[in-house]
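Colleague: Have a look at this one before I ask anything.
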Amino acid sequence: MRVLAAMSGGVDSSVAAARMVDAGHDVVGVHLALSTAPGTLRTGSRGCCSKEDASDARRVADVLGIPFYVWDFAEKFQADVIDEFVSAYARGETPNPCVTCNQKIKFSALSAKAVALGFDAVATGHYARLSGGRLRRAVDKDKDQSYVLAVLSAEQLRHAAFPIGDTPKPQIREEAARRGLAVAEKPDSHDICFIPSGNTRAFLGERIGVRRGAVVNADGTVLAEHDGVHGFTIGQRKGLGIAGPGPDGRPRYVTAIDADTATVRVGEAADLDVREMLGRAVVFTSGTAPSGPFECAVQVRAHGETADAVAELVGDELVVRLRAPLRGVAPGQTLALYRHDPDGDEVLGSATIAGTSR
C-alpha cells in the first residue's frame, strides 16, 4: 500500500510514520507549511507548523529512509481555518480550529492530493483507531482524539490510517527513543498553532476590531460595556468587566451571546444548564444516518465527559435531548456522538451546535 505520512515534526506522527514503514508499506513523508506570514505560527519546539518542526520532521524521515516533502497549504489554511475561526467568534460562537483543520485540511485537501498522486491512505499521529471502517476511541483515553475526528465522513475515513491509536502515549515516547528519533522527548502542543502568544482575545481583536456592546443581567439591566462579543464564550467567569459576584454573592457567568445586538448576558451557574441541543452540518461516520431516534453518548469538548442522550435527525438538523442537564454548552462547538454501549468507543458522527435550550 502506498502511504502518505503526515509528519508534523512531533513524536506521535514520527512514530506513526515509522510503524507504516515497519508494516512494509511504500511510505512518503510530508510536512504541511501553513503559515502565510512571518510570526503567524509559533516558533520553537512546543507547537506544530513552525520551521523548526519541518526540520524535525525531515530529520525523522532521514532516519526512516523515506522521501520527504514540504507542501504549501498556507492559503487554504488561512481561508478555511483561520478566517473561519475569526468569523465564528464574530458571530458569537466558540469554534474548535483543530476540528476544522482535520475536516478541511488534513483529511480533505491533503487526502485529495494524496489520492490524486496514487496514494492509498494518509497516516497521521492522531490518537484514535479504525476498526472495520469504524472510528473508535484510542486505547489511551487521556490522549484520545476521536472527538476532533468525529467530523470525518465515511469516504474521508476510507483513506485514513491511525497507526498509534492502540498504544498509550508513554509507550510511544519509549518507542521513539528506541528508534533513535530525536523528537522522543519533544513537548506536546496544547495551544492554537496560529496564535503564538496564546492570547486569543487579542488575536481576535486585531482582526475583528472594536464592536462595543453591553453586558446585561437576566432582566436586561446593563452592568458594563464591552469592546466586542469575540472576547466572550458561554460559561466564562473572568474578564466580564463587572465588579464581583451578583447581589446574592454568587459568581456570574456568560450565559448567552447575541452578536446581532452585541449583547452579552450573564447569570448564575444553574443558568448554564441545557437539556436540548440543535446541531447543523451533521455527519455520520458510517455514511448512513440512523432511522428515527437513537440512544447515544455525546461529548461537546475535546477532553470532556460524555452525557447520555437521545438524538434524532430532523430534516438536515440533529436534535439531541439529554438525559440530564449539561453545563456550559456553546454554539459553534462540535457535538460528537458515540455509540451507547458499555465501551462507548465507537464514534457515530458529529454536528456543529447551532443552539441550545433548557
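Glycine too: its Cβ is placed from the backbone N, Cα and C atoms.
As listed in Swiss-Prot for this protein:
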- Ala6, Met7, Ser8, Gly9, Gly10, Val11, Asp12, Ser13, Leu32, Gly125: ATP binding site (BINDING)
- Cys101-Cys193: disulfide bond (DISULFID)
- Cys101: active site, nucleophile (ACT_SITE)
- His126: site 'Interaction with tRNA' (SITE)
- Cys193: active site, cysteine persulfide intermediate (ACT_SITE)
- Gln333: site 'Interaction with tRNA' (SITE)
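Help me picture these features in the structure, burial and contacts included.
Modeller: In the three-state DSSP reading, Ala6 (ATP binding site) counts as strand. The C-beta environment of Ala6 (ATP binding site), restricted to residues of the same chain at least 6 apart in sequence and closer than 8 Å, consists of Ser13, Val30, His31, Leu32, Lys106, Leu110, Val122, Ala123, Thr124, Gly125.
Around the Cβ of Cys193 (disulfide bond), 24 further Cβ atoms fall within 10 Å across all displayed protein chains.
The Cβ of Cys101 (disulfide bond) lies under 8 Å from the Cβ of Phe77, Val81, each on the same chain and at least six residues away in sequence. Cys101 (disulfide bond) carries a helical DSSP state (H, G or I).
Long-range Cβ proximity for His126 (site 'Interaction with tRNA'), meaning a same-chain Cβ under 8 A and a gap of 6 or more residues, is found for Asp12, Gln145, Val148, Leu149, Phe162, Ile164, Gly165.
DSSP assigns Cys193 (disulfide bond) to coil in the three-state reduction, placing it in neither a helix nor a strand.
Under DSSP, Gln333 (site 'Interaction with tRNA') is assigned to coil, being neither helix nor strand in the three-state scheme.
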Colleague: Quick one: of the recorded positions Ser8, Gly10, Cys193, which has its CA closest to the CA of Gln333 (site 'Interaction with tRNA')?
Modeller: Cys193
Colleague: Using C-alpha atoms only, work out the spacing between Gly10 (ATP binding site) and Cys193 (disulfide bond) and round it to an integer in Å.
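Modeller: Distance between the two Cα atoms comes out at 13 Å.
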Colleague: Which whole-number value in Å describes the distance between the Cα atoms of Ser8 (ATP binding site) and Cys193 (disulfide bond)?
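Modeller: Between the Cα atoms of Ser8 (ATP binding site) and Cys193 (disulfide bond), the distance comes to 12 Å.
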Colleague: In Å, how large is the greatest distance between any two Cα atoms among Ala6, Met7, Ser8, Gly9, Gly10, Val11, Asp12, Ser13, Leu32, Gly125, the listed binders of ATP?
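Modeller: Between the outermost Cα atoms of Ala6, Met7, Ser8, Gly9, Gly10, Val11, Asp12, Ser13, Leu32, Gly125, the distance is 16 Å.
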